[in-house]
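Asks: My questions all concern the structure below.
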Amino acid sequence: MQKTATTPSKILDLTAAAFLLVAFLTGIAGALQTPTLSIFLADELKARPIMVGFFFTGSAIMGILVSQFLARHSDKQGDRKLLILLCCLFGVLACTLFAWNRNYFILLSTGVLLSSFASTANPQMFALAREHADRTGRETVMFSTFLRAQISLAWVIGPPLAYELAMGFSFKVMYLTAAIAFVVCGLIVWLFLPSIQRNIPVVTQPVEILPSTHRKRDTRLLFVVCSMMWAANNLYMINMPLFIIDELHLTDKLTGEMIGIAAGLEIPMMLIAGYYMKRIGKRLLMLIAIVSGMCFYASVLMATTPAVELELQILNAIFLGILCGIGMLYFQDLMPEKIGSATTLYANTSRVGWIIAGSVDGIMVEIWSYHALFWLAIGMLGIAMICLLFIKDI
């Protein structure tokens with residue numbers, strides 16, 4: 001009798017552990033590829049800077065189209081588990097193609113298409129985790145927050161490992177390592193993640209349901225808010241290394257230390273935000289994130305020493321920790337009947353942020369300076385703050 005009573009708990013714990021591993025492995029697969037992609041294109045494919053920029057923009061646009069198509073399909077019919085498994089398979093194919101092919105146009109077409117399907121595994125995993133948590137009575141906020149923390153942990157480990165594999169061995173070894181991550185991820189999905197059929201109503205935890213027109217308006221506004229926040233962050237990520245080296249004349253090692261510290265601090269900030277979300281609300285937390293981001297970008301402009309630049313990463317961690325942890329939950333609660341679309345919509349705000357940042361970056365630097373980009377980032381956060389004030393807190 002004792003054995004029977006403990007079995008469900010063990011099954012639930014095993015399933016939760018599987019979700020955490022899938023989140024980490026999909027994060028590692030992405031963290032291995034993204035940081036070195038521009039170097040791969042320039043060194044291995046001999047792509048010119050404009051071709052590198054076009055590759056990133058094309059990847060973002062294709063990712064938005066593919067992920068939104070799959071999200072609508074998954075919310076209406078089908079099993080998310082099967083979809084995640086297929087996305088992992090596409091990830092293996094994409095990494096294998098990048099490992100051996102050196103034709104720019106093949107990678108831009110076939111490679112980007114396969115990678116776009118592969119990247120959808122992550123938002124679909126979060127959607128399945130939310131549905132599973134609702135069905136089993138788990139605390140959805142902290143469960144989703146812990147899952148998102150695995151992505152951040154992957155980005156602490158992934159980039160240094162990517163550079164070590166690519167520069168110490170070869171890009172082929174790096175991409176095959178990412179392919180192995182997708183294979184292991186697919187096995188875990190197949191063996192341990194639950195199947196939840198779309199035609200069975202999901203019993204969700206209590207969420208305040210707004211009238212349809214209000215929810216659509218708030219969802220659009222939240223999309224603008226998160227897109228502006230990601231655009232500001234991406235402007236910083238693109239230009240911070242050059243600003244540190246060319247403007248402040250500090251070492252390139254400092255840029256890696258800044259990214260590593262921010263990623264490490266982001267995890268506890270994310271968990272703290274998840275813990276206090278029900279007490280102070282999502283909107284106030286997002287407002288705190290925006291204010292922290294504004295203070296961070298303004299302070300970076302005034303800082304001149306490595307110690308201060310490193311200390312300021314606490315503000316960056318607050319900004320990113322709340323955006324990554326609470327932003328997705330905000331979308332899901334605004335669209336409770338379309339969890340897949342909500343999660344994918346949040347993921348696409350990051351892609352839109354890359355498109356915006358990449359489009360204005362080169363022009364701003366040519367006309368003005370790196371300083372102007374930080375002020376532009378602050379202005380983007382100002383737009384995000386105004387839009388946020390018109391969104392109902394739920």
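Cβ coordinates are placed from backbone N, Cα and C, and glycine is handled just like the others.
Not measured: the values here are computed from a predicted model.
Heads up, here are the entries from Swiss-Prot:
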TOPO_DOM  1-10  topological domain 'Periplasmic'
TRANSMEM  11-31  transmembrane segment
TOPO_DOM  32-49  topological domain 'Cytoplasmic'
TRANSMEM  50-70  transmembrane segment
TOPO_DOM  71-80  topological domain 'Periplasmic'
TRANSMEM  81-101  transmembrane segment
TRANSMEM  105-125  transmembrane segment
TOPO_DOM  126-150  topological domain 'Periplasmic'
TRANSMEM  151-171  transmembrane segment
TRANSMEM  173-193  transmembrane segment
TOPO_DOM  194-224  topological domain 'Periplasmic'
TRANSMEM  225-245  transmembrane segment
TOPO_DOM  246-253  topological domain 'Cytoplasmic'
TRANSMEM  254-274  transmembrane segment
TOPO_DOM  275-283  topological domain 'Periplasmic'
TRANSMEM  284-304  transmembrane segment
TOPO_DOM  305-310  topological domain 'Cytoplasmic'
TRANSMEM  311-331  transmembrane segment
TOPO_DOM  332-370  topological domain 'Periplasmic'
TRANSMEM  371-391  transmembrane segment
Asks: Apart from its near flanks, which chain residues at least 6 from the ends of the transmembrane segment (254-274) lie with a Cβ under 8 angstroms of it?
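Replies: Non-local partners: 141-142, 144-146, 148-149, 152-153, 155-156, 159-160, 240-241, 244-245, 285, 306, 309-310, 313-314, 316-318, 320-322, 324-326.
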Asks: Any chance the transmembrane segment (284-304) and the transmembrane segment (371-391) have 3 or more Cβ pairs under 8 A, given the pairs are 6 or more apart in sequence?
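Replies: The transmembrane segment (371-391) and the transmembrane segment (284-304): touching, yes.
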Asks: Six or more residues out from either end of the topological domain 'Periplasmic' (275-283), which same-chain residues have a Cβ under 8 Å from its Cβ atoms?
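Replies: Residues 141-142, 326, 329-330, 333, 388, 391-394.
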Asks: Spell out yes or no: are there three or more C-beta pairs under 8 angstroms between the transmembrane segment (50-70) and the transmembrane segment (311-331), with each pair 6 or more apart in sequence?
Replies: no
Asks: Give me the mean pLDDT over the topological domain 'Cytoplasmic' (246-253), rounded to a whole number.
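Replies: When the pLDDT values over the topological domain 'Cytoplasmic' (246-253) are averaged, the result is 73.
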Asks: Between the transmembrane segment (225-245) and the transmembrane segment (81-101), are there three or more CB pairs that fall under 8 A, provided the residues in each pair are separated by 6 or more in sequence?
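Replies: With fewer than 3 qualifying Cβ pairs, these stretches do not touch.
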Asks: Give the nonlocal contacts of the topological domain 'Cytoplasmic' (32-49) in its own chain as ranges (CB under 8 Å, at least six residues past its ends).
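Replies: Long-range Cβ neighbours of the topological domain 'Cytoplasmic' (32-49): 55-56, 95, 98, 102-104, 107, 115, 158-159, 161-163, 165-166, 171, 174-175, 177-178, 181.
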Asks: For the topological domain 'Periplasmic' (126-150), DSSP counts of helix, strand and coil?
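Replies: Output for the topological domain 'Periplasmic' (126-150) reads 22 helix, 0 strand, 3 coil.
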Asks: Ranking 11-31, 173-193, 225-245, 371-391 by Cβ pairs under 8 Å to the transmembrane segment (311-331), which is first?
Replies: 225-245
Asks: Against which stretches of its own chain does the transmembrane segment (225-245) lie, if we need a Cβ under 8 Å and a gap of at least six residues from its ends?
Replies: 251-252, 254-255, 258, 286, 289-290, 293, 297, 300, 309, 316, 319-320, 323, 327, 346, 349-350, 352-354, 356-358, 360-361, 365, 370, 373-374, 376-378, 380-381, 383-384, 387-388, 391
Asks: Select the range from 151-171, 173-193, 371-391 that forms the most Cβ-Cβ pairs under 8 Å with the transmembrane segment (11-31).
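Replies: Comparing 151-171, 173-193, 371-391 against the transmembrane segment (11-31), the winner is 173-193.
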